[in-house]
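Engineer: One structure coming up, written as structure tokens, with questions to follow.
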Amino acid sequence: MRNIFKRNQEPNVAPATTTATMPLAPVAPADNSTESTGPGESQEDMFAKLKEKFFNEINKIPLPPWALIAMAVVAGLLLLTCCFCICKKCCCKKKKNKKEKGKGMKNAMNMKDMKGGQDDDDAETGLTEGEGEGEEEKEPENLGKLQFSLDYDFQANQLTVGVLQAAELPALDMGGTSDPYVKVFLLPDKKKKYETKVHRKTLNPAFNETFTFKVPYQELAGKTLVMAIYDFDRFSKHDIIGEVKVPMNTVDLGQPIEEWRDLQGGEKEEPEKLGDICTSLRYVPTAGKLTVCILEAKNLKKMDVGGLSDPYVKIHLMQNGKRLKKKKTTVKKKTLNPYFNESFSFEIPFEQIQKVQVVVTVLDYDKLGKNEAIGKIFVGSNATGTELRHWSDMLANPRRPIAQWHSLKPEEEVDALLGKNK
């Protein structure tokens, strides 16, 4: 047993080996004093090396020291300026956001207060929002006043209207005045319309003009007298200042009447459709001959009681506002779409062709009274729109007839343009 135990223990004993032993240097004990080479000392060495290298590189640059210092100062200033701008922008943005936020809260509070106050007011008055708006009254605009007179002759069945004077009219012109005149007519019939003379540059015109309407007394009650004051403008549409309406069934015509009435706002007159006319122009320069052919008209204004007209056409050759020659067509009875096809010739030398105008007027023939103008146009070198284009086409195509439709214009408008072109 003892032998077995010894045999089992033998492998645990390491065999003796011969190894070369190296002499070891004595190891100094660890010391935490400042004399040891730590990381702080290595960083200082690196910084010193970098500093030395940096100055060596600078010394290689072929510039004087003062130039290098100046460049460094400028670079520093630029850097500081950029930093300042960035900081300022950030601060302003924060301030703006804060201000808008505060303003939004304030507006919300104000709206809430206003709504609450409005609700309280509505509760006190018992009015809803729509009813409150309806109660607001606009102050009437002061348009001035008109003095007029009325006198009815029962034996002659004739109403005499006197337009006496106006006062305190508003200024519609640039100079602080107006050029007023009065239109007088009886509704619902606008065919018979009178006008006073134009009074220049005044707000208190004295008209003192009378006009007569032949109306049976039985029919007078269904009519309304209208006296509308306009501001005359030579080169554009006349502006209405105001009007006085007198329903005749509210007036006692047993004795003459004279009174003042305030002007009320008048409705602007829509441009009246007067109809269209087709004309043909032909000019032969070598012969100095102008041929005007009146072909037809359509959709003319109704001038007669029966809803028709008796139209005919007048042609005037004019130069510098003077009538040189006059021609006219035959009368076409009871029609608003007459067909004429009538030609008229005028002798005009080539050197004068650009100095003349051809005025075409459509009139309604009246056997008993005055023939009334339905509408008017003129063609020539100083015309405008389709009239000027028609004249230019005629001159560009000598010896060739050029036909063109034209819309009729009010007589006074065309006369004003002709007067401007004198």
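In case you wondered, yes, glycine gets a Cβ from its N, Cα and C as well.
Positions annotated as Ca(2+) 2 binding site by Swiss-Prot: LEU172, ASP173, ASP231, ASP233, ASP239. Summarising the annotation, Swiss-Prot assigns Ca(2+) 1 binding site to ASP173, ASP179, ASP231, PHE232, ASP233. Swiss-Prot lists 14-30 with the feature compositional bias 'Low complexity'. Taken from Swiss-Prot, the feature compositional bias 'Acidic residues' covers 119-139. Residues or ranges marked as domain 'C2 1' by Swiss-Prot on the basis of sequence analysis: 142-261. What Swiss-Prot records for THR125, THR128, THR202, THR386 is phosphothreonine. Marked as phosphotyrosine by Swiss-Prot: TYR230. Residues or ranges marked as region 'Phospholipid binding' in Swiss-Prot (evidence: a curator's inference): 136-382. Residues or ranges marked as topological domain 'Vesicular' in Swiss-Prot (evidence: sequence analysis): 1-60. According to Swiss-Prot, the feature topological domain 'Cytoplasmic' maps to 88-422, an assignment based on sequence analysis.
Provide an account of the burial state, proximal residues and distances for the features listed.
Structural biologist: Sequence-distant neighbours of LEU172 (Ca(2+) 2 binding site) (same chain, 6+ apart, CB under 8 A from its CB) are SER178, ASP231, ASP239, ILE241. According to its DSSP assignment, LEU172 (Ca(2+) 2 binding site) is coil.
All protein chains considered, the CB of ASP173 (Ca(2+) 2 binding site) has 14 other CB atoms within 10 Å.
Helix, strand and coil residue tallies for the domain 'C2 1' (142-261), in that order: 7 helix, 65 strand, 48 coil [DSSP].
Packing around THR202 (phosphothreonine) is summarised by its Cβ count: 13 other Cβ atoms lie within 10 angstroms of its Cβ, all protein chains included.
Within 10 Å of the Cβ of TYR230 (phosphotyrosine) there are 24 other Cβ atoms, across all protein chains.
In the three-state DSSP scheme, THR386 (phosphothreonine) is classed as helix. Sequence-distant neighbours of THR386 (phosphothreonine) (same chain, 6+ apart, CB under 8 A from its CB) are GLN404, TRP405, HIS406, SER407.
For the region 'Phospholipid binding' (136-382), the model gives a mean pLDDT of 88.
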Engineer: Hey, for the Ca(2+) 1 site built from ASP173, ASP179, ASP231, PHE232, ASP233, who else sits with CB inside 8 A of the CB center?
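Structural biologist: Nearby residues not in the site list: LEU172, SER178, PRO180, VAL198, TYR230, HIS238, ASP239.
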Engineer: Are there any residues in the same chain, six or more apart in sequence, whose C-beta is under 8 angstroms from the C-beta of ASP179 (Ca(2+) 1 binding site), and if so which?
Structural biologist: ASP173, VAL198, HIS199, ARG200, LYS201, ASP231, PHE232, ASP233
Engineer: Which of the listed binding-site residues (ASP231, ASP239) has the least company, meaning the fewest other Cβ atoms within 10 Å of its Cβ?
Structural biologist: ASP239
Engineer: Quick check on the binding-site residues: of PHE232, ASP233, whose CB has the lowest count of neighbouring CB atoms inside 10 Å?
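Structural biologist: Each of the binding-site residues PHE232, ASP233 was scored by Cβ atoms within 10 Å; lowest is ASP233.
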Engineer: Round to the nearest Å and give the CA-to-CA distance linking THR202 (phosphothreonine) with TYR230 (phosphotyrosine).
Structural biologist: 12
Engineer: Take the mean position of the Cβ atoms of LEU172, ASP173, ASP231, ASP233, ASP239, the recorded Ca(2+) 2 site. Which other residues of that chain put their Cβ within 8 Å of it?
Structural biologist: SER178, ASP179, TYR230, PHE232, HIS238, ILE241
